[in-house]
Amino acid sequence: MSESLFSVETTFFADVILPVPIPRMFTYRVPRNFVDEIKIGARVIVQFGKNRVVTAVVGRIHQTPPEKYQAKYILELLDNEPLITQQQLWLFDWIADYYMCCVGEVMNVAVPSGLKVTSQSRIQINPDFDHAELLDEQEIGFLDILKNHASLTYDDAIKFVGETNINAMIKSLIGKHAIIMYEEVKEKYKPKIAKKVRLKRVYEGTEEVANLIDSLAKSAKQQMVVLEYLRQIPMHQLSERNQLGVDKALFTKGETSDSALNTLIERGVLEQFEVIVSRFSDDLPPEPVKIELTEAQQQASDEILTHFGEKDVVLLHGITGSGKTEIYIDLIQKVLEGGSQVLFLLPEIALTTQIVVRMKRVFGDKMGVYHSKFSDNERVEVWRGVLEGRYQFVVGVRSAVFLPMDNLGLVIIDEEHEGSYKQYDPAPRYHARDVGIMLGLKQGAKILLGSATPSLESYYQASTGKYGLVSLNQRYGNAQLPDIHLIDLKAERKSKTMKNDFSGTLCQHIEHNLENGEQTIIFQNRRGYSPYLNCQECNWIGECEQCAVSLTYHLDSKELRCHYCGHKEEIPRACPACGSGKIKTVGFGTEKLEDDLRIMYPTARVQRMDLDTTRTKNAYQTILGEFEQGNTDILVGTQMISKGLDFDRVSLVGIFDADRMIHFPDFRAAERAFQMLTQVSGRAGRREKKGLVLIQTNNTNQSLLHKVVSNDYMGYYNEEIKEREGYFYPPFTRVISITVKHEEQDKAEKAAHWLADKLLEKLGKARVLGPEKGMVERVRNKFLFDILLKLEKDKLNIKAAKIFLQEQIDAVMTQREFRGVFVVVDVDAV
DNA sequence: AGCACGCCGACT
DNA sequence: GTCGGCGTGCTC
């Protein structure tokens, strides 16, 4: 800020974004020594409240002193260059506005926590203190300890004193001015350090090395280390490459010994040094791959480019296995060559699969990967990499929309229909597809949405001509679409051919597959063993204490679990209500199917993949790896298995509980069911061989199922879009879901009614649904009431409606009688 | 969201 | 009489 040179007397203020859910910025004073360096988007450290020190981001710099209060000084400036670009700040505001939350909340999820500083209280002796007579025995003892340390953390102090509660003593000491407490602030991010060794410079010549080896003749181990070193760095390149050194770890295993290496270091033959390395090892050297598109792919690609000539967004509707990835890669290459950045979004689960490996091979270290299972440090490296221009291209999950890209040429959102692009908890409840589109539009980039089963929203936009539409109806290579059959469970029950929950038809095909060494996928979108336990005598059902839902029986972990709050309890041996031992499981989840399969086919290798078996970082890959290698015959899984995996030997897919998906009480049930069934079916028979899909149902007459069977997306779409239009649901309206919570049912209900009445008054009956009891009445001991707003996009000023809604929510919360009521707003709820 | 201040019950 | 329960209100 060079103006300061001309206006030495001017005081500058910075409005900063704090990581708190308060809907405004806070004004701090810029100390004179930062005036020249401070920039919008830089991080600063400020004191917030009495004893809190937090990282904030500068949102505005100005010269207007606040009228009503004295601004505090910024304590520290962390960046000389903005860490958050202008583009991002704009996006943060847009998200806060659109999704009705605070900018601070957006910042909180956007910025990796590794870029926030942590503060820790430290205790230090007051050097000016000379009133020892004021202290009691314990305090004198503590002060003695403190004399021997520059400072202590709270935890250290507890250890030294040997008591768990030292609050009182600390307070007393502060009161007597014997000690000082202060906040120590430090960056969380730690670069990864590699320990390396290299030959001292004097040995870099050929002759010198030869002499060195000779001189080590008596100590075989040391000689071996040097010879190993020379194997890594050939003699003739020694002088150029020696300075780069070799990983020290290389010598600690195998033939060479650590101690011999250390001796050589001590003797001054080798020297040890440290370098900062990337956490992303480039074990896959980029090989410039020329992507060969098939005729169909080439045509689709051309069409996409033509559409981009006049439209910003294009929807690529490509059936499963049509080879969308190649089209993406080709397009990405073109955009990168043009010097622009590319952002590629994928749902979480798809990111763990082959597609990333494939892209990494093509793009090498130009490509960054942003994943939620990455550690903080790893995320910081990707963030910095983007900022510094090392990554022109990022493949990532929904939160990758927050990366500091400001020169986007293309945003690709693959599997755009995926519900997991929507974040629910915590706020901001954003949809990464929509944020991605906004982000792209703002930067003048083109946006490509891809899916085999586009969301109604996107397809509607395409059908009205707002988005360009490109269809790929052919499977890649010789692959054929699978045959899909419905299995009539009613008929099978009548003819007594069911084995547990498996139809006889499905069993026959599984057996056939086992005999032929082909693989089977069993899909059941419900985890656990059974959704509840039921006493045969008194009809008792195991329920969660805190939520109004039954507890799911988990065989694996031998416990009952609540899928809403995570509560766990032991499995009762006898009925807790009547003492009867006749408790049975009702319904089935993935665990039961797995268990049944093991019993029915003892020699088959059965694996299960659901949330419970993929908790750890690599579990997902391990299970898939086993399956890919052919070490698994039958894979049982939830929707996790429906994404982006293609395996050659899967010739059969069995689908359970399709009916439950279709009849879920929610206006998106049909859409979700169609997408899920189609996606899962797509796992069958990828190359050469035609696959078979068997869908078990109690009602073979359901029109949606027939659309799945005949792979009739258009038929399904036309039917569903009529429904949506008739009942004023998206894409014809925007939906805002409002949940009112309170421990007391009565209070929650009254507050919900109060709010709904206000909304009704203003918006009219057709636009306000509810309040209704939550689908689950009580979660974590709070009663829930739902209100749904349906706001037309064309006839209504949605912005104004949102402002009105916020005002009314504030009004509810500030009312005495509704004290403690909590309201959650979810814009574009899915 | 934190965090301190503040006003009522069970303990040395 | 004190510790400490969590209700309420503020944070530049």
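One-based numbering along the chain as shown.
Placement of Cβ uses the backbone N, Cα and C atoms for every residue, glycine included.
The following features are taken from TrEMBL:
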| type | residues | note |
| --- | --- | --- |
| DOMAIN | A:305-472 | domain 'Helicase ATP-binding' |
| DOMAIN | A:505-729 | domain 'Helicase C-terminal' |
| BINDING | A:CYS535, A:CYS538, A:CYS575, A:CYS578 | Zn(2+) 1 binding site |
| BINDING | A:CYS544, A:CYS547, A:CYS562, A:CYS565 | Zn(2+) 2 binding site |
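Closest in space to A:CYS535 (Zn(2+) 1 binding site), of the binding-site residues given as A:CYS544, A:CYS547, A:CYS562, A:CYS565, is A:CYS544, taking the CA atom of each residue. By the criterion of other Cβ atoms within 10 Å of the residue's own Cβ, the least surrounded of the binding-site residues A:CYS544, A:CYS565, A:CYS575 is A:CYS565. Of all the binding-site residues listed here (A:CYS544, A:CYS547, A:CYS565), A:CYS544 has the Cα closest to the Cα of A:CYS575 (Zn(2+) 1 binding site). When the binding-site residues A:CYS544, A:CYS547, A:CYS562, A:CYS565 are ranked by how far their Cα is from the Cα of A:CYS578 (Zn(2+) 1 binding site), A:CYS544 comes first. Cα separation, A:CYS565 (Zn(2+) 2 binding site) to A:CYS538 (Zn(2+) 1 binding site), rounded: 27 Å. A 10 Å cutoff on Cβ-Cβ distances gives A:CYS547 (Zn(2+) 2 binding site) a total of 22 other Cβ atoms nearby, all chains included. Summary for the binding-site residues A:CYS538, A:CYS562: the Cβ-based neighbour count within 10 Å is maximal at A:CYS562. Distance between Cα atoms for A:CYS544 (Zn(2+) 2 binding site) and A:CYS538 (Zn(2+) 1 binding site): 18 Å, as a whole number. Of the chain residues outside the Zn(2+) 1 site list A:CYS535, A:CYS538, A:CYS575, A:CYS578, A:GLN536, A:GLU537, A:ASN539, A:TRP540, A:PRO576, A:ALA577, A:GLY579, A:SER580, A:LYS582, A:ILE583 have their Cβ within 8 Å of the site's Cβ mean position. Between the alpha carbons (Cα) of A:CYS538 (Zn(2+) 1 binding site) and A:CYS547 (Zn(2+) 2 binding site) lies a span of roughly 22 Å. The secondary structure of A:CYS535 (Zn(2+) 1 binding site), as reduced to three states from DSSP, is extended strand.
By a simple count of nearby Cβ atoms, those within 10 Å, the most crowded of the binding-site residues A:CYS535, A:CYS578 is A:CYS535. A Cβ within 8 Å of the Cβ centre of A:CYS544, A:CYS547, A:CYS562, A:CYS565, the residues given for Zn(2+) 2, is found for these other residues of the same chain: A:GLU545, A:GLN546, A:VAL549, A:LEU551, A:HIS563, A:TYR564, A:GLY566, A:HIS567, A:VAL779, A:ARG780. Note on the domain 'Helicase C-terminal' (A:505-729): mean pLDDT across this stretch is 90.
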